[in-house]
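*Asks:* What follows is a structure written as structure tokens; I'll ask about it next.
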Amino acid sequence: MNSAEALAFDVIVIGGGHAGCEAASAAARAGARTALVTHRFDTIGVMSCNPAIGGLGKGHLVREIDALDGLMGRVADRAGIQFRLLNRRKGPAVRGPRTQADRKLYRLAMQQIITEQENLTVVEGGAADLVCDGERISGVTLADGRVLKCGAVVLTTGTFLNGLIHIGEKRFQAGRMGEKPALGLSKRLLSFGFTLGRLKTGTPPRLDGRTIDWQSLDMQSADEEPVPFSLMTDRITTPQIECGITRTTPETHDIIRANLHRSAMYSGSIEGIGPRYCPSVEDKIVKFGDRDGHQIFLEPEGLDDDTVYPNGISTSLPEDVQLEILKTIPGLEKAVLLQPGYAIEYDFIDPRELKRSLETRKVCGLFLAGQINGTTGYEEAGAQGLLAGLNAARRAAGSEPVILQRTEAYIGVMVDDLTSRGVSEPYRMFTSRAEFRLSLRADNADQRLTPLADEVGILSEERRKRYLTRETALSHARMVTQSLSITPNLAGYYDLRLNQDGVRRSAYDLLSYPDINLDRLIAIWPELASIDPVTREALEIEAQYAVYMERQQSDIAVMEREERLLIPSGLDFDAISGLSNELKQKLKQRKPETIAEAQRVDGMTPAAVALLIAQIRKFGGRQKLAAETLEGKGAA
């Protein structure tokens, strides 16, 4: 391979964080010659903020990434040191798998997978500029002058895009603590005509765990039987740890109030808006000042690392104030500060500039993923990265993009929210954002998405075999339980209380009753004892939701019909009589591709949607007439 060929790729991914790793892996698995551009190889997979993966809503995203043969679930399973299933007492649809992770193990596991991935080359260096051929991306210029040619670029800059760190009155440029920001790319993005904004996130101080009084604290243990994220993980073998729990005190709050003027958040130094659901400790005291304390989880950052992450006291107060605060918190009175907490501002692009493929509307072949799109969180970034990387590979190959619908995946919900509604603050995933969350459960992510991964060519043979084995077992168990039935009278003999209506019910039907599980049915049909534990749980959950799923299917069908009703690219919104000028302007700016997308434009009423549909039908009629006219002229 000559030097020109060595610098030519199908897809270039800029950034080696959670979005970048998923993007690079997905593009490479799709068959694209892929380059992952990052400042240093040893920063690939670094967990910039909290040492944890998953949680409520976020755990669903990790399972979906895994179902599409992504990396995050497998890496988290290797590095997880405190697995907990959140919302365990609630229904399966809203349970959230989560684990604290050993930072070093996570980073090393991610680097190993990236290194072993075929079609993927890691290029160390800083991305200085984007190269275009007209309105199409054609390459990337590195800080050292090298030019990498490509057919598509995925930009995953995280907090590095014009990153600015705040610690009290101190401010300095950085992508994260100790690393340079990306300064030139924002100018290039502005020159393309993108709308840029500023967002902010924060992180708490890091503490020396050897100086914490653990004996005085309540402790939280991991689940006795850790539940892996990935289908590819048989069992969790990493040792599990405890974390400590403490609280702020009224004295803590007094110190914070007395120093609010020194906080970057409240002194006017920060322009960007922070995440509502991950507030700084200053925000907590200002907005919830009536509380006598706020909970703090003391999370060890690794099995052989004494660093502790105090989850709950993110701050941009000066370092001396942070030290004073620690002295007022039980168990932390003598804690040594290893790194101060800080806030970081960074540029992002209005995600309404994107198509649902995560390709920008203005520049063909340029894809964005992660915090540059206004999201917060490793899981949100990773999910976007996978979709962007896959579609970048398909763009480079001349194939149609993969679009995930709201009815199919939490990833589809997130992307649709971003591209149709935009963000006014960092976006994070919650189960409440999904209309069809009963069908979009963490436990059925493989069933929903693995066939798609196989269809588009990003599924490994090993995962395909595992998936088919799991599905075959579930299908057989479903068939067996549906073939076994019992009368209400006979069920009463086994202490199962059913309506005495004379209707026979199958074992599968009985599993939908809240007080009936497979253990109780084995007393009636001993052959059911042969169903393995994993299949048993999947079957019980499926049967439990079967009735609700039938009802939800009609709602899903309506939305799918609307998604299929395309808006022609040449439709003149100004020509729609009866539509307000404000809506015409919004539609021209947003360029929705389907009726479903148009419905989610701010201000769209049912009447406005009806006018739009009528105009589409008129447009279709004119197009048909024009085609017939041309055909007639050709025949003449």
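Using the three backbone atoms N, Cα and C, a Cβ is placed for every residue, glycine included.
Sharing the feature lines straight out of Swiss-Prot:
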- Gly15, Gly16, Gly17, His18, Ala19, Gly20: FAD binding site (BINDING)
- 274-288: NAD(+) binding site (BINDING)
*Asks:* At a 10 Å cut-off from the C-beta of His18 (FAD binding site), count the other C-beta atoms across all protein chains.
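*Replies:* Taking all protein chains shown, His18 (FAD binding site) has 32 Cβ neighbours within 10 Å.
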*Asks:* Tell me, if you would, which residue among Arg276, Lys284 (binding-site residues) has the fewest other CB atoms within 10 Å in the structure shown?
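*Replies:* Comparing Cβ neighbour counts within 10 Å for the binding-site residues Arg276, Lys284 gives Arg276.
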*Asks:* Select the most exposed residue of Gly15, Gly16, Gly17, Gly274, where exposure means the fewest other Cβ atoms within 10 Å, treating these as the binding-site residues.
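*Replies:* The binding-site residues Gly15, Gly16, Gly17, Gly274 were compared, and Gly274 has the fewest Cβ atoms within 10 Å.
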*Asks:* Tell me the Cβ contacts of Phe288 (NAD(+) binding site) under 8 Å, same chain only and six or more apart in sequence, or just say none.
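*Replies:* Sequence-distant Cβ neighbours: His294.
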*Asks:* By Cβ count within 10 Å, point out the most packed of the binding-site residues listed: Ala19, Cys278, Val286.
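*Replies:* That would be Ala19, with the highest Cβ count within 10 Å.
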*Asks:* If you count Cβ atoms within 10 Å of the Cβ of Glu282 (NAD(+) binding site), leaving out that atom itself, what do you get?
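*Replies:* Looking across every protein chain shown, the total is 23.
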*Asks:* Compute the centroid of the Cβ atoms of Gly15, Gly16, Gly17, His18, Ala19, Gly20, then list the same-chain residues not in that set whose Cβ lies within 8 Å of it, in sequence order, for the FAD site.
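*Replies:* Other same-chain residues with Cβ inside the cutoff are Val13, Cys21, Glu22, Ala23, Thr38, Thr156, Gly158, Gly370, Ala381, Gly385.
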*Asks:* Ser280 (NAD(+) binding site) has how many other Cβ neighbours within 10 Å of its own Cβ?
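*Replies:* For Ser280 (NAD(+) binding site), the count of other Cβ atoms within 10 Å is 27.
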*Asks:* Provide, as an integer number of angstrom, the distance between the C-alpha atoms of Ser280 (NAD(+) binding site) and His18 (FAD binding site).
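*Replies:* Checking the Cα atoms of Ser280 (NAD(+) binding site) and His18 (FAD binding site) gives a distance of 23 Å.
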*Asks:* Find the one among the binding-site residues Gly274, Glu282, Val286 whose C-alpha lies closest to that of Gly16 (FAD binding site).
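*Replies:* So, spelling it out, the nearest of the binding-site residues is Gly274.
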*Asks:* What does DSSP say about Gly15 (FAD binding site): helix, strand or coil?
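*Replies:* It is coil.
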*Asks:* Based on Cα coordinates, which of the following binding-site residues are within 10 Å of Cys278 (NAD(+) binding site): Gly15, His18, Ala19?
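*Replies:* Of Gly15, His18, Ala19, within range: none.
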*Asks:* Quick one: pull the CA-CA distance for Lys284 (NAD(+) binding site) versus Ala19 (FAD binding site), whole Å only.
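*Replies:* Roughly 29 Å, rounded to the nearest whole number.
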*Asks:* Please report the distance from the Cα of Arg276 (NAD(+) binding site) to the Cα of Gly20 (FAD binding site), rounded to the nearest angstrom.
*Replies:* 25
